[in-house]
Amino acid sequence: MKLSTILLAALSASGVNAYPGMGKTIKEVELLARDAPGDLSEELLGDLKTLPSRSLSSVGKAVKGILEGKVSAESNSRNLIRLPLGMWLCKIDTCCVWQHIADDMESMFRGESSRCTDLARQAIRIGFHDAGTWSKSGGGGGADGSLILSDEMTRFENNGMQDMVAEYRKLYAKYHDQAGFSAVSMADLVQVGAKVATVVCPLGPRIKTYVGRQDSSEPNPDGKLPSPFADAESLIALFRDKTITPRGLIALLGAHTTSQQKFVNTTRAGDPQDSTPGVWDMLYYQQTFGTVDTPDRVFMFPSDVNLAKHPETRGAFKFFAKPDSNHAQRDWNEANGVNPQDYAREYVRLSMLGVNNINKLKDCTKVLPRAITSFRNKDQSKLDKWLKSLNRNPISKKIAELLRIGEEITVPEQDIPVTPGAKM
């Protein structure tokens with residue numbers, strides 16, 4: 001039990017009028033508890049739950065350490081040499097083919113503006129939707145590639161990911177079928193793709209990446225993914241059933257920082273979820289929570305707003321929405337010594353849901369692109385003007401499309417419409 005919980009219980013048991021000012025003290029403690037960000041899960045997953053420590057491989061020990069918060073979930077280790085795909089050394093090095101795959105992915109995910117593209121956003125979402133069907137209560141499902149290998153893409157919640165699914169099928173055919181790398185699984189393509197996409201997005205973390213997952217063409221359980229219209233209580237319960245705490249849920253939710261929504265409100269297709277779509281920054285938290293001003297065009301999922309207000313998740317939202325965005329970003333997605341920070345740690349957890357051979361996985365983090373640790377949009381003034389308008393004319397739609405594919409806004413600033421009455 002946490003100290004704040006014990007203190008609250010002790011104070012409450014004593015009665016609020018035990019001495020002058022006790023009522024005020026209890027109120028202050030309650031407010032502190034409400035605004036505390038909470039803790040991340042340390043629960044183990046898959047085969048790590050039953051294997052004794054002496055039987056753990058180097059990867060098994062590393063993943064266990066990440067899940068327990070004792071080992072960093074990020075790494076800057078990189079390949080110094082890219083071997084030709086046909087070289088015999090590449091055939092015996094597990095990670096060699098993944099370097100070629102990651103390079104192909106990077107070219108899809110990085111736009112001319114250096115912002116990440118819609119394919120990158122889809123890849124991040126696919127990584128969650130493939131793994132997130134697993135639950136403690138229901139079993140089955142998880143990071144097994146079934147999103148693509150079964151009929152799961154016909155489900156409504158998976159709409160909008162078709163383009164990247166098609167690219168994954170091409171990559172699988174190229175490397176698994178044609179090049180003969182039989183160890184390349186769809187399950188790994190999906191999770192490696194999510195990690196590559198995340199680090200390609202400017203300011204995104206470089207998350208440790210493991211391969212060796214087993215594929216399944218069996219459809220995963222339905223009804224295990226969150227709705228953008230859900231209430232906070234149901235979302236908290238849904239994620240707890242996946243070993244993800246309220247703080248972990250809010251950390252993962254931050255991936256919406258790169259988003260442009262399409263199907264939650266089709267009349268506003270292309271509208272972003274913060275003022276810097278395609279950039280992995282803290283504005284999503286700050287604008288959803290209300291720490292900073294939010295332009296008219298920024299679109300918020302009802303579920304996100306619900307979580308920002310709920311007592312169990314409000315503290316984490318507030319924690320990441322600090323005005324000192326550099327400090328908040330370090331807490332959110334950067335490693336600090338042996339204290340892995342929230343997004344990276346929670347995404348490693350997510351990528352291991354339903355994986356029962358964690359101890360046999362291989363570490364291929366070295367194939368990931370470099371992290372972009374400093375970034376500023378060259379076209380931010382144009383973007384800001386567009387964000388202040390809800391205009392849907394062809395120019396506004398063109399800007400949304402340029403942002404979608406990661407290109408700079410080429411429309412002259414004076415031609416960008418502004419809705420009468422919008423904030424200037």
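Backbone N, Cα and C atoms are what each Cβ position is placed from, and that goes for glycine too.
Note: TrEMBL annotation is automatic and uncurated.
Among the candidates Thr243, Thr245, Thr257, Thr313, the residue that TrEMBL annotates alongside Asp274, Thr276, Asp281 as binding Ca(2+) 2 is Thr257. The record from TrEMBL ties Gly142, Asp144, Ser146 to Ca(2+) 1, and of the options Asp130, Asp163 it ties Asp130 to that site too. Per DSSP, the domain 'Plant heme peroxidase family profile' (142-257) is made up of 63 helix, 3 strand, 50 coil. Mean pLDDT for the domain 'Plant heme peroxidase family profile' (142-257) in this predicted model: 98. Within 8 Å of the Cβ centroid of the Ca(2+) 1 site, not counting the listed residues Asp130, Gly142, Asp144, Ser146, the chain contributes Ala131, Thr133, Trp134, Gly141, Ala143, Gly145, Leu147, Ala187, Val190, Ser216, Asn220, Gly354. With respect to their backbone Cα atoms, Cys201 (disulfide bond) and Gly142 (Ca(2+) 1 binding site) stand 25 Å from each other.
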